[in-house]
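Notes follow the structure.
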């Protein structure tokens, strides 16, 4: 029932609260008891002078009878009552409570909202503690040190003498533990500050990881040396945000699987003979071309085959990994050139596409791009596979007969005329804008 | 006969403090710090009560406890588990693994002693 049709119910509630008989209220309002009964059961609308008279007799503002308490306030109170159902709040008298004690009602609703906010914060912090190994380790260390200090200090504070040798040891232990505690606290504080700083300075977790890998020339020697991805991520990604570190663990876990399937020393030996041909490498190691491309892109900068670039995108075209080359930049965000074979590969999964590409408007040489798309996980019954595409870029033209294709980086800076894939006009004044 | 307590904990200063408190109670205290060899040590030298930390090098306290419960020789050994994490899921994990009592760090000496006394009173005679 709509709230403005409950005026009669509110009159009845208010009368009962005051302990007034229906007949008495009817008499004082100069109406019949049967008419008041119809009003109180919302079967007669009420307004004008009669409403004013009844409000005056009942000692409330007329609006309290016609409007009741604010709907949002009632809803908040109802929610508070449902969250603490064991308290046995009188749900059928919510209107009355909010109407008679609006200040208390607002206080209660406000407290409930605050509890909810705090509960969310606690859940977020607990989640962070559970999933951030560095923070969990540091807090564990801190609690262990506090336990030691508390236990030792209690022994020293007890009445009665203890052996001087034990006393000396316990004093020394407390001293050592307090120094450790100070160090751990400082480390947690600087870690949390770095966390905020990292999050503020870099945009997305993907950008953080891109920047980190770029700084390492895309080669993570510790993984090639067999160290576990989690511990390497904890060490090299200590300055990343929580989400950035999570992403880094994923990237390094894949790196580690690639390194296990294609050990570095053997790959270096193979590329000295075959160069950067991912198909030859894949065949040599009995693996897929995508893994071979990733492995080639993660070789140390002084590898005999030279550097290759790599772009990996998911089925929506969003980059999951980007290693540009000086002659072949890869935009940071997803507004790249649709002519790249990376995207064509998505429509022809499991086929290896090879193209010679020329960067439109750049005075650079051609590059060879090899693209390949495959499902990103194992097959599942009655589930469509989710594809991801790899495109490796190597300097030069591998086969002399291939006609180079002119591609861009992104439409805004691409001068290519009459491009069938153009999304927006070029800033360079390309005549055939959209 | 003197009752024996084994403390498996990797924090040397906690070992000293707890070792001192229990020894003062007249208990014999054996200590061990390595998770991987803990079960061998326990089988070779069964105590009346085991105080077991959760986070240990090599193997977690939960795994040690599960192995104890699977071994007929130690299945009924009273175990007091110490952890720096007092979340309900940690307690549940410990309970599922068969813990006898559970304490969250930092605890007071009196609490720890109470728990050990209680477990000693309930310990089966071996």
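Glycine too: its Cβ is placed from the backbone N, Cα and C atoms.
Here is what TrEMBL says about this protein:
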- B:4-120: domain 'Response regulatory' (DOMAIN)
- B:53: 4-aspartylphosphate (MOD_RES)
Give me the long-range Cβ neighbours of residue B:53 (4-aspartylphosphate): same chain, 6+ apart, Cβ under 8 Å, in sequence order. B:8, B:9, B:10, B:11, B:61, B:81, B:82, B:83
Averaged pLDDT, computed only over the residues in the domain 'Response regulatory' (B:4-120): 91
For the residue listed as '4-aspartylphosphate', the three-state DSSP class is strand
